[in-house]
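Positions annotated as signal peptide by Swiss-Prot, on the basis of sequence analysis: 1-21. The feature domain 'UPAR/Ly6' is assigned by Swiss-Prot to 27-105. As annotated by Swiss-Prot, disulfide bond applies to CYS29-CYS53, CYS32-CYS41, CYS46-CYS74, CYS78-CYS98, CYS99-CYS104, with the evidence given as similarity to another entry. The feature N-linked glycosylation site is assigned by Swiss-Prot to ASN95, with sequence analysis given as support. The GPI-anchor amidated glycine annotation in Swiss-Prot covers GLY112 and rests on sequence analysis.
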Amino acid sequence: MDTSHAIKSCVLILLVTLLCAERAQGLECYQCYGVPFETSCPSFTCPYPDGFCVAQEEEFIANSQRKKVKSRSCHPFCPDEIEKKFILDPNTKMNISCCQEDLCNAAVPTGGSSWTTAGVLLFSLGSVLLQTLM
């Protein structure tokens, strides 16, 4: 086996390993509570190993004005319709959604997670490197 072929094999194995490796850090979620829809929420690492990113949106009447607020967080489980039963006011509407991908609880979909970006960059680098070695 010549040196060129060995290097190509090592690079290919390294690329496959990096692209298939499980995420080393925890789930990334946005976190904020009861903020206006226009407000951006900072991201944080979910402390639960099998946690869920949760997006909650509430619409209610306060001082004769309709208001909309959002909350973003991480939970060890996905809240469901049971959570809504604690609201006694019939003028309040609440939507809850759960997901298990990085930063998936945004109000407006983002351009993708940092893992997607890293994967694309790594794949591009690997392609260039393989072409250079051939």
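Cβ coordinates come from backbone N, Cα and C, glycine included.
Everything Swiss-Prot records as a feature, shown here on the structure.
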residue	record	Cβ contacts under 8 Å, 6 or more apart
CYS29	disulfide bond	SER43, PHE44, CYS46, GLY51, CYS53, VAL54, ARG72, SER73, CYS74, ASP102, LEU103, CYS104, ASN105
CYS32	disulfide bond	THR39, CYS41, PRO42, LYS70, SER71, ARG72, SER73
CYS78	disulfide bond	PHE52, VAL54, CYS98
ASN95	N-linked glycosylation site	GLN56, GLU57
Intrachain C-beta neighbours of CYS99 (disulfide bond), sequence separation six or more, cut-off 8 angstroms: PHE52, CYS53, ALA55, ASN105
Most crowded position, judged by CB atoms within 10 A, among CYS53, CYS74, CYS104 as disulfide-bonded residues: CYS53
Number of helical, extended and coil residues in the domain 'UPAR/Ly6' (27-105), per DSSP: 4 helix, 40 strand, 35 coil
Residue with minimal Cβ packing [other Cβ atoms within 10 Å] among the disulfide-bonded residues CYS41, CYS46, CYS98: CYS98
Arithmetic mean of per-residue pLDDT over the domain 'UPAR/Ly6' (27-105): 88
